[in-house]
Amino acid sequence: METIILNMPHGTMKSESIIWEVGGRPFILNTFEGSPPQTLPDETVNKRCCSGNNCCYKFWNAMKSHPLCPSPQRFQRFLALLILIFMIWGSAYSDLGDIAGPQGQLFQIGFLGVTAYIAGYITVLLNLPALLGMLLMGLLLRNVELVVFSGPYLHMTSSLRKVALLITIIRSGLELDPVALKKLSLMVAKLLVVPAVVETAVIAVMTYFLLDLPWIWGFLLGSFLAAISPAVILTSLFQIQKKGNYGISKGIPTLIIAVTTLDDILCISVFGVLLSIITSTGSLTYQIISGPAGVVIGICYGLIVGIVFRYIPHAKDRKASMLRTFLLAAGGLLVLFGSEKIGFGSAGPLGCIMYTFIACNGWDPKEKEMVNANFRLLWVIFEPILFGLIGNEIDIFVLQPNVVGFGIATVLVAALATVVSVGLTATGGNFNWKERIFIAISWIPKATVQAALAPAALDRIRALNLEESTAHAEVLLILGVLSILISASLGSIIMTILGPKLLKKDDDTEGV
């Protein structure tokens, strides 16, 4: 029996004939010299199908139209990652023995990543962000005691979260568009500063009175809860654009993407400065200057490394994109881990984002996109690990009800204050009231930055053995998780439903 090929695979040889279905009829394409498709005779179809009843076509069409059936690309990507993880684990088990075995915590890290990826795929089928499923899977595995980390593996999981944060920062720098920033500079500046300040202040005030959190810890919490999630917003904008070109003529998607990227950079930088001040163990003078000094170190590092990476390797080097990917990653690892080692942790995120932005805007656009694609692939690997690990930090059996209750209230009130502030701030632009509402609700989703930074304070406190601050750091972690669970799903649903109703649909020619 001959096999029928329904889709042209990547890398098909020119001499092959490809058969697929168009409009209910099988067609054949002789790929040699791009010959036009030809309809197969009925006797050929009957010969190549099971008993002449087209059961292969019927079975394939039924399967691929099922909502639970993944696309070939997604399924094969999952298989590739699964094979990669299995081979890495097999190598580790062969060399390290029981510590990498099924009962070892090294194995549990891989198991957590795989199950979190599967959970993320299931939540995508429900039209919810994948990160929600990943987060809940980590929480579930921790509280049924299937995956619980201890000892040196706490440091390992902390390092993995820092690597995920590095990938997030580099992708933010690669996606910054200087042309769009210049075009919308005034509106971007207003939307970047005003809502972040309002949300941070609201969170600091509420946690001070409701949760007895010191002012500086409240502002630290607000600095990372105010960060918007590009991952959730981009997914929601993509779902809206599948229904038509909404808001493109006024540059609303461009504005939102530009502000969210810059907002993350601002929040990460402020968080680093405040955390350096809180965890500084030197004199009062040292604590005061540690934050600004970290900013200066980060700026200097970013300028020097950014200029070097802008011109090295040579633009005509055939391996330039791969070398640039390794250089950006290595430069980020050095500044993130090195700045903490010398006591100026705030230099890490700022230096990383600066050298990425300076370097990539001197590259060819195609080269820049290839590097960005490499980091998107890395994010596919580290995203389930990041969100799985952050969920795994929460033990629901020791949660204090008042922290959860007041935490939910804080997240909801802060979100409402942010929406109002964004709506008022956008009044000076060329937007009608419906468009301002949509821009305002796009500030609701929180996810990536919260997942990366929520445990950062707790990791630093553990590393420095500052036991008196552990309770405050745990409150930050709990509210970070609550923020993701509430705002990511709520914001995504509201944006997807209200987007077509609030934004004007452009003609196809305008949207292109």
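Including glycine, each Cβ sits where the backbone N, Cα and C put it.
Residues or ranges marked as transmembrane segment by TrEMBL: 78-96 (among others). Within the same chain, residues 70, 106-107, 110, 113-114, 117, 121, 380-381 sit at least 6 positions outside the transmembrane segment (78-96) and bring their C-beta atoms closer than 8 Å to a C-beta of that stretch.
If you look up TrEMBL, you'll see 114-485 marked as domain 'Cation/H+ exchanger transmembrane'.
Annotation comment: TrEMBL describes 116-141 (among others) as transmembrane segment. Sequence-distant neighbours of the transmembrane segment (116-141) (same chain, 6+ residues past either end, Cβ-Cβ under 8 Å): 67-68, 70, 74, 78, 81, 147, 231-232, 235, 239, 383-394, 396, 445, 447-448, 451, 481, 484-485, 488-489, 492-493, 496.
Below 8 angstroms of C-beta separation, residues 217-219, 221-223, 225-226, 255, 259, 262-263, 266-267, 406, 409-410, 413-414, 417-418, 421-422, 425-426, 439, 443, 475, 479 of the same chain, each at least six residues beyond the ends of the transmembrane segment (191-210), sit close to that stretch. TrEMBL lists 191-210 (among others) with the feature transmembrane segment.
Summarising the annotation, TrEMBL assigns transmembrane segment to 216-240 (among others).
Taken from TrEMBL, the feature transmembrane segment covers 252-278 (among others).
Among the features that TrEMBL reports, transmembrane segment is placed at 284-309 (among others).
Packing against the transmembrane segment (321-338) from elsewhere in the chain are residues 162-163, 165-166, 169-170, 298, 301, 305, 309, 312-313, 347-349, 351-352, 355-356, 359, 363, 367, 370-371, 374-375, 378: each is 6 or more residues past its ends and has a CB under 8 Å from a CB in it. The feature transmembrane segment is assigned by TrEMBL to 321-338 (among others).
Away from its own ends, the transmembrane segment (344-363) comes close to residues 165-166, 169-170, 172-174, 176, 178, 265, 268-269, 271-273, 275-276, 279, 290-291, 293-295, 297-311, 315, 324, 328, 331-332, 335-338, 371, 460 of its chain (Cβ-Cβ under 8 Å, at least six residues beyond either end). Taken from TrEMBL, the feature transmembrane segment covers 344-363 (among others).
Long-range Cβ contacts of the transmembrane segment (375-391) within its own chain (Cβ-Cβ under 8 Å, at least 6 residues beyond either end) map to 77, 81, 109, 112-117, 120, 130-131, 134-142, 157, 160-161, 163-164, 167-168, 170-171, 174, 325, 328-329, 451-452, 454-455, 477, 480-481, 484. Feature annotation from TrEMBL assigns transmembrane segment to 375-391 (among others).
For the transmembrane segment (403-425), the residues of the chain that approach it from at least six positions outside its boundaries are 190-191, 194-195, 198-199, 202-203, 206-207, 210-211, 222, 225-226, 436-437, 439-441, 443-444, 475, 478-479, 482-483, 486-487, judged by C-beta separation under 8 angstroms. Look at TrEMBL and you will find 403-425 (among others) tagged as transmembrane segment.
The transmembrane segment annotation in TrEMBL covers 476-498 (among others).
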